[in-house]
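Here the structure is laid out as structure tokens; the discussion comes afterwards.
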Amino acid sequence: MADLLRKVKSIKKKQDQSNHQALILGKYEMGRLLGHGTFAKVYLARNAQSGESVAIKVIDKEKVLKSGLIAHIKREISILRRVRHPNIVQLFEVMATKSKIYFVMEYVKGGELFNKVAKGRLKEEMARKYFQQLISAVSFCHFRGVYHRDLKPENLLLDENGNLKVSDFGLSAVSDQIRQDGLFHTFCGTPAYVAPEVLARKGYDGAKVDIWSCGVILFVLMAGFLPFHDRNVMAMYKKIYRGDFRCPRWFPVEINRLLIRMLETKPERRFTMPDIMETSWFKKGFKHIKFYVEDDHQLCNVADDDEIESIESVSGRSSTVSEPEDFESFDGRRRGGSMPRPASLNAFDLISFSPGFDLSGLFEDDGEGSRFVSGAPVGQIISKLEEIARIVSFTVRKKDCKVSLEGSREGSMKGPLSIAAEIFELTPALVVVEVKKKGGDKMEYDEFCNKELKPKLQNLSSENGQRVSGSRSLPSFLLSDTD
């Protein structure tokens, strides 16, 4: 009897330990294993508070350190922070313990596109839909300076609504890695989907390599088999290098023409993303999407726990994830309570704003942004930004002293224009408002600033032109450009 009681207590203790361990960082309940690799395992998990299903990539920190792959992990985090798009698997947050690194990501329930294609070729309309979503996502990545370099059906997932999601940015590269010749030189990718210039090992354009892979994927969707296939890998490479493929007889003429240009062996003659998106076959039924571009610096989070150590060595920073739901949509509502006080600027902030110690650097022309100093109340500045947004039919999102203006113009591969404004306290009587482009086309941003933003904010100066005591060297309102 005593032995039985001891066994029951032992089992109960193990169950309690298991339940405690299953709640990762006090937030996520770990579920079944979804997949694994050399350094990481991916689990299905559930947010204990919201009930939302997520996928958690658990990376063994010791293995990563021993293999010298810290830079690789940092780059993957940086890339996932850059590419938030409806057709890309989303990174929610990054956390760490002393032994593990956790990527909390969107859980895509439908599985790999590969499994769908393995059953046979797709109908033209279905293939077109997936291809449109793929091009939309990849072109956005290119605009953000990210090149996937390993696009294939196995890395394309389908959600419960049948929408495509690009995943696995582990082999991706960013513009910063381009050498002095303007090209990448790392040999990577999956043999059947790799571009001929990668095989040549002479340097390659990351965008053109992705376009080649997208062409192979389109062929596979329509045909049910690969355009370049041979049991002998070297023989397959020769076919790729020569561009030796034939389209099946059931391919429409428009697809034949598109594939010939996408699978052009000479990169300089290969179609670009705009070329693809301008073809009549691509444009048929293409649904332009609206999405929210987050500030790059708001995507990493390190949980605060006794068992947690900083991921500073991995992510380079720690900050809270800011989801669109945290912002208040533009419908005239305000949160309860008074207007929040802006964050104060200290001497170090001012120096970081300026190229030198001379504060006149605050007001110099130097890039895609603007700052102005104003004596107007915070509420009045925000109201003016809302008024400008109403005039041009932009959506406004607000959180404390941050305002996001989001355009709705569709059709640009760079996404809709998105602008962030943040208010800082300079003195008790003065504030600095920093305005920056978060997403969209630079020419559209410049036009918006010159025609809408600057003139209407200058009007604020005349409405609040009273001089603030002790501010003779700083006008009550001065608009200028900066980084």
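Every residue gets a Cβ built from N, Cα and C, even glycine.
When Swiss-Prot is compared with the stretches 48-77, 108-137, 168-197, the one noted as region 'Activation loop' is 168-197. Range annotated as region 'PPI' by Swiss-Prot, chosen from 217-246, 247-276, 367-396: 367-396. Around Val42 (ATP binding site), the C-beta neighbours below 8 angstroms that are at least 6 residues distant in the chain are Leu33, Leu34, Gly35, His36, Ala55, Ile56, Lys57, Val58. In this structure, the C-alpha atom of Ala40 (ATP binding site) lies 18 angstrom from that of Asp150 (active site, proton acceptor). Counting every protein chain shown, the Cβ of Asp150 (active site, proton acceptor) has 20 other Cβ atoms within 10 Å. Put simply, Asp150 (active site, proton acceptor) is 17 Å from Thr38 (ATP binding site) when counted between their Cα atoms. Across the annotated binding residues for ATP (Leu34, Gly35, His36, Gly37, Thr38, Phe39, Ala40, Lys41, Val42, Lys57), the two most widely spaced Cα atoms sit 14 Å apart. Same-chain residues that are not part of Leu34, Gly35, His36, Gly37, Thr38, Phe39, Ala40, Lys41, Val42, Lys57 yet have a Cβ within 8 Å of the Cβ center of the ATP site turn out to be Val58, Ile59.
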